[in-house]
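According to TrEMBL, the features are:
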- 221-242: transmembrane segment (TRANSMEM)
- 240-418: domain 'Amino acid permease/ SLC12A' (DOMAIN)
- 254-275: transmembrane segment (TRANSMEM)
- 281-305: transmembrane segment (TRANSMEM)
- 317-345: transmembrane segment (TRANSMEM)
- 393-414: transmembrane segment (TRANSMEM)
- 526-806: domain 'Amino acid permease/ SLC12A' (DOMAIN)
- 527-546: transmembrane segment (TRANSMEM)
- 567-588: transmembrane segment (TRANSMEM)
- 666-685: transmembrane segment (TRANSMEM)
- 691-712: transmembrane segment (TRANSMEM)
- 724-741: transmembrane segment (TRANSMEM)
- 747-763: transmembrane segment (TRANSMEM)
- 955-978: transmembrane segment (TRANSMEM)
């Protein structure tokens, strides 16, 4: 059928409605009861057109974009401009749609759609159409049905509609999920050939049913097509940049960066930050290249890796990324507990304030972290179980607190340099004294002071002298040096900056580099610090660059937003880290920078003490940032696990694909809680950070490897729109990832690589086979091509000769029946594979190559042959060949001449002795034998093949060789190869 009128065709083509028709998409989404109490929620809805099978992609609809104020249980209006075609003159009409309620969308069949009655009375040209809808829904699912159709105009009078169905597609509705009240909004496109008066088939050309409350859209007389597609319409700033910054700027920046500066010095801190930030920046560039090479669907980093490196690597790295999010939640929770107990309410510590000074891994401090961390974990799991919307409310609050805290730090550095009002500390010649010891042992002459300061109690009181000299170990050093009250926070100045340039790594329980201190009186180190230990502890502070990718379903234009937003966020946070490192080095005394827990400053946070106008800006801000970040991780990790399970490549994860009625992955949340609790039991941020590094680094390394492999292999489908990419950058990024892993702790690096390899082999062994067009297939093809080109296409030297088998099978194949002759031939071929040569099993089918049914049968035979080869443990290739009675000789000859490629072609033909009662099989056998010899192949004929031992039979006895004629030693070689099989080794 054609469109006769060129004007209509031209107009429709301009508006992208010709040959690219609207899509009807059925989605399901749950609406919690609380949604009925919420009104006025704004949704950004962007309508897209999807192309038909010949044209893939997405286009902007002529309906444009609309902002909808959605009220659950209340009618609301949707106004949009649509096209109508009246005769040959396209006109504009406004459509006003009222949404009543959503309860269960139902599809009767492929051509029908059940909806509420549409009152078309008085429907005339250029008027407003009022539609009342009621759709049926129970819960949201990311799997939707897609129906495409073509609309044809004939003589400007009648519209004919033809539909067909294509494969399922996935969409993501995180914003509607967070709001929790909108389930379905339908945008309707109406096409009219003539006004209502001229339509004779029911109202508006729609066939009426007996029940007037519903209508059925007729597949032939269609004037109504509809689609529904929710998207959050987020841009670079709100969709990628700010969420990524929020995820990167975490608690580690507040509670560990200053300590890193104190240990490593400013120069080496710059090197450390350069390594960390370069790793994430290079990974961001590789991520941008991959993300702009195609559509990034829901699943974020897991989707990118699995669809580019295959199901095996994708599942392995996806699980590691899931573990990274889970362990990150534990780190944030323990970091929040540290801030809470150390700096906000230390009286909450079990065992009192004294328990906070014991830094033994099994001591009361770490036990407090474990107990309160478990309580916080359960509290946050309950919040996450309530729904995503509760989690998303904390995101802007957390980001605002972090930004204010950073600004307060810079303001404090300037303010203290101007006013000189920095916190004082008490020290014994650079050896800091714990402030709690000073207050406890201060001289009785100070009892008249209501609130003594550190300087008031900074003297060699009898109590302090007794504390140092009771054991005699520290008494001589104590008596030699003077005690003094010094400025710990002088503010920004060059003298302090110069003092903090060089490194000063320290052992555990040292008060100064190389000087052991008294742990119950002086500020000593709780761990032995090295550059690579500091690198492992601080690296989690720069992670979070995948946030924009994980939000790809919310973005207006992911291919533009992800690169610019991710790289901008990475550069911004890197600048912030460098600026804070310089600020700490120039504003805080070196001895105070080494005071990880603020023992010398009344157990206050070092960074909050520097801040202005109040230390609570940083203290509260850092605590809230940990709380919000942990919630985000606990929310995303179960959904990532559900995405992996939903792909159905790891059978053991199948139960985690299920969700509750509220679309919450409850089983995944329970598993995430269990793993997070195991990480919390490590008891300290530093210990958790060391483990967390490897999960993130493995994921980042594989993202870099994806971009590197695609670029080096020059795959035709590798066409990234991101211009600032080169394969050397990806190679450097992958190298940095592995360097950080092995430099930090090569034992854990090997464990992470081993875990990845174990999951890879498990998926390869047990997992479902998926064809995602991944790059590993391209790598295998390129490697195979390179190897084949290296193998010369000529006869090998006799010493290098090995049998390359062509197993010719002639039998009746079916899916149900097992032919014993064929299986025995495959078993014999498997036993001859000790030569490590090529094996091709070829099934001869009496059929025609131009018959569709015969082609289908050949495909089924090939699939069955491949399964039988796997059952016989014969690694090789299966193929089928057609032959007819009058073309038998030509088919056999063509097979022998053409099979194989380059130097990899069969040189040994394995035939089965035919049944004498079947003349056609005898004739085919003779042809195979003649042409096998004519092509200089070694021909092996197995007679009585069903009597041959099975590949799993353990044999004893002898192999008899009947050396009748000189055959070049092939019989000896066959006997030797058979004896190499593990079940035939006892033979003589």
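Backbone N, Cα and C define each Cβ position, glycine as well.
Quick caveat, the model's predicted, so the values are computed rather than measured.
A contact between the transmembrane segment (527-546) and the transmembrane segment (567-588) is present, since 3 or more of their C-beta pairs, 6 or more residues apart, lie under 8 Å. Sequence-distant contacts of the transmembrane segment (393-414) (same chain, at least 6 residues past either end, Cβ-Cβ under 8 Å): 242-243, 245-246, 249, 254, 489, 491-492, 576, 579-580, 583, 586-587, 607, 610-614, 617-618, 620-622, 624-625, 627-629, 631-632.
A contact between the transmembrane segment (691-712) and the transmembrane segment (317-345) is present, since 3 or more of their C-beta pairs, 6 or more residues apart, lie under 8 Å. Averaged over the domain 'Amino acid permease/ SLC12A' (526-806), the predicted model has a pLDDT of 84.
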